[in-house]
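What TrEMBL records for this protein:
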BINDING   Cys101, Ala102, Ala103, Pro104, Gly105, Gly106, Lys107, Asp125, Asp181  S-adenosyl-L-methionine binding site
DOMAIN    1-216  domain 'SAM-dependent MTase RsmB/NOP-type'
Amino acid sequence: MKVGDKVSVFSDLEGRCTRGATSFQGNKVFVGNGVAEMNRSHIFCSDKPLRGVGVRMVDPLYQSPPFDGVLPSLVFLQNLPSVVVGHVLGPQPGERILDMCAAPGGKTCHVAALMRDQGEVVALDRIRNKVERIRQNAQTLHLQSIKAFCFNSVDAVSDDPPQQTEGPPFPPESFDRVLLDAPCSGLGQRPNMACSWSLKEIRSYQPLQRKLFHAA
């Protein structure tokens, strides 16, 4: 395969195709046709990390244009359920809202926008780099009412919170409204060619979801 060659793209449903194989008879599904943007040797023989576009799709199976990076300071694309959540929550200007599992911040930013950026939206997530992503999104969208903290929301409520701190944990009844989108398997979130989740892995979310729900 050389740059400019027309190629067909398939997805290996069982993950059994070996790297660099020239043929594969296993279980696969056709994704579409494209034009190679890299040589085969560049993809499979280079010691450097691969970056960029390997195949530019010209005949995809589904006509779904990408929107990554489109008007990032003006638009934050979300799926319909995520948008509906903010309206059901019904935040009002001047209120104090808690988003317990906020990363990457789409619903957090939507809530702040619905409040006209008046009030306070506290966003929590227990993974530090994800919290930084929330802050970056808030800054990109010029939302001043969002305060993001790295904290496990299971422990977000305390009858004896530390004094002189604006962050968690918080005393009971500290917020006008609480948004909880608890961690889950995400199986219904994006189309997948194959599912490798076990029933045990899916059930592992239930105890955490219950703890978060009680804290909320």
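Every residue, even glycine, has its Cβ placed from backbone N, Cα and C.
Sequence features, as recorded in TrEMBL, placed on the structure.
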residue: Cys101; record: S-adenosyl-L-methionine binding site; DSSP class: coil
residue: Lys107; record: S-adenosyl-L-methionine binding site; DSSP class: helix
residue: Asp181; record: S-adenosyl-L-methionine binding site; DSSP class: coil
Task = Report the largest Cα to Cα distance, in Å and rounded to a whole number, among the residues Cys101, Ala102, Ala103, Pro104, Gly105, Gly106, Lys107, Asp125, Asp181 that the record lists as binding S-adenosyl-L-methionine.
result = 13
Remark   = Same-chain, non-site residues whose Cβ lies within 8 A of the Cys101, Ala102, Ala103, Pro104, Gly105, Gly106, Lys107, Asp125, Asp181 Cβ center for S-adenosyl-L-methionine are Asp99, Thr108, Ala123, Lys130, Ile134
Request  = Take every residue in the domain 'SAM-dependent MTase RsmB/NOP-type' (1-216), average their pLDDT values, and give the whole-number result.
outcome  = 90
